[in-house]
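Take a look at the structure below.
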Amino acid sequence: MDQVQAALVGTFGAAYIGAMVALVLYGITTLQTYFYFIYYPRDEMVMKATVAVLWLSETLHVGFISHFMYNYLITNYGNPASLAQGHWSLYMSVLCNVVIATVVQAFFATKIYSFGKKKRWITGIISFFIVAHFGFGIDFVINLFRINTFSKFIEIKYSTALPFAIAAVIPDLLISGSLCFFLESNKQLVSGFRRTETLINLLMAYAINRALLTSTAAILEIVLYAALPESFAFLAVDFCIGKLYANTLLATLNARKSLRWRTVESTVESGSARSSARSPRAPVPSVLFSTTPVHVEISVARECMTNTDGSNFSNQSYDLKSLQDTKRDENF
């Protein structure tokens, strides 16, 4: 019995911890999805559908991993022989992760395509690895169904699992590298405009952090899978990796309002500098925003008050300045 308990700690104990962390991340995903539909109701239907697909995929993923854990820890409690056999719900959870990662990577690839139209070959390379990642992922899931035994998972370590992991990391690195390249090119055009440069640096930090988060998780999963094939430590990472992809995309979408106001401030600042120094207006980075300009409306009101005898009681003027963002809340 002690050996069985030790086996449970190293296998389903690790998987249980990963499932609990995944549930927390799912809660964050749900909250971010709610914020998205509340604050960006006028986004295009394609963007709304993308967010909806991500949330539904995450919901299915949580259902699959919950069923997986329930099957082994509750239904087959006291039946050690069942622990050696795989289960379809685990394999379907992997498929959900493949779909989520592909949707997120494809989304960022389309933004790079629209941002760097003169270098579309970069998008072509990224798209190739995204398709490769999806293909290796489907092949990996098919092999899991075929083997259906935990002890034999090591057989597909190099033939399927390793290419699958590598194909997941490469698009993330290429996407972040491309975004940083285009942003740095734009940064050279706004030299001297401090707030615009700060905004570009912030966008670059977003891109780098997103790639580091998902790439590190993918590398950690394959290392654990190769080094500890008899442990379920790699499952703990796999349960969470899809939610990291979804949350990075949702966090980027939900950050648009705050970043847009920084762009407005930068635009006003550049206009003041142009009036005083007659310098050309600095372009604002458009990775996270539409090319539609932000309209700034300034209204001036004057108030005059008189006594009943006709003499001036007060004569004062004040400015009412309002920044009105007439741009429709769109996706990137």
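Here the Cβ of each residue, glycine as well, is placed from N, Cα and C on the backbone.
In TrEMBL, annotation is done automatically, which means it is predicted and not curated.
What TrEMBL records for 169-258 is domain 'DUF6534'. The average per-residue pLDDT of the prediction over the domain 'DUF6534' (169-258) is 83, rounded to a whole number.
Annotation source TrEMBL lists transmembrane segment at 12-37 (among others). Long-range contacts of the transmembrane segment (12-37) within the same chain: residues 48, 51, 54-55, 58-59, 61-62, 65-66, 68-69, 72-73, 83, 231-233, 235-240, 243-244, 246-247, 250-251, 253-254, each at least 6 residues beyond the stretch ends and with a Cβ under 8 Å from a Cβ of the stretch.
Look at TrEMBL and you will find 49-70 (among others) tagged as transmembrane segment.
Marked as transmembrane segment by TrEMBL: 90-109 (among others).
For 121-142 (among others), the entry in TrEMBL reads transmembrane segment. Cβ atoms under 8 Å from those of the transmembrane segment (121-142) belong to residues 91, 94-95, 97-98, 101-102, 105-106, 109, 112-113, 156, 160-161, 163-164, 167-168, 170-171, 174-175, 178 of the same chain, restricted to positions at least 6 beyond its ends.
Beyond the ends of the transmembrane segment (162-183), by six or more residues, the same chain brings 101, 105, 108-109, 112, 115-116, 122, 125-126, 129-130, 132-133, 135-137, 139-140, 200, 203-204, 207-208, 210-211, 214-215, 218-219, 221-222, 225-226, 285, 287 to within a C-beta distance below 8 angstroms of the stretch. Residues annotated as transmembrane segment in TrEMBL: 162-183 (among others).
The transmembrane segment feature in TrEMBL is assigned to 203-226 (among others).
Here the transmembrane segment (232-253) has Cβ contacts under 8 Å with residues 10-15, 17-19, 21-22, 25-26, 28-29, 32-33, 36, 40, 47, 51, 54-55, 57-58, 61, 65, 90, 93-94, 96-97, 100-101, 104-105, 107-108, 206, 210, 213-214, 217-218, 220-222, 224-225, 288, 331 of the same chain, all six or more residues outside its ends. What TrEMBL records for 232-253 (among others) is transmembrane segment.
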Worksheet item: According to DSSP, how is the domain 'DUF6534' (169-258) divided among helix, strand and coil residues?
Response: 81 helix, 0 strand, 9 coil
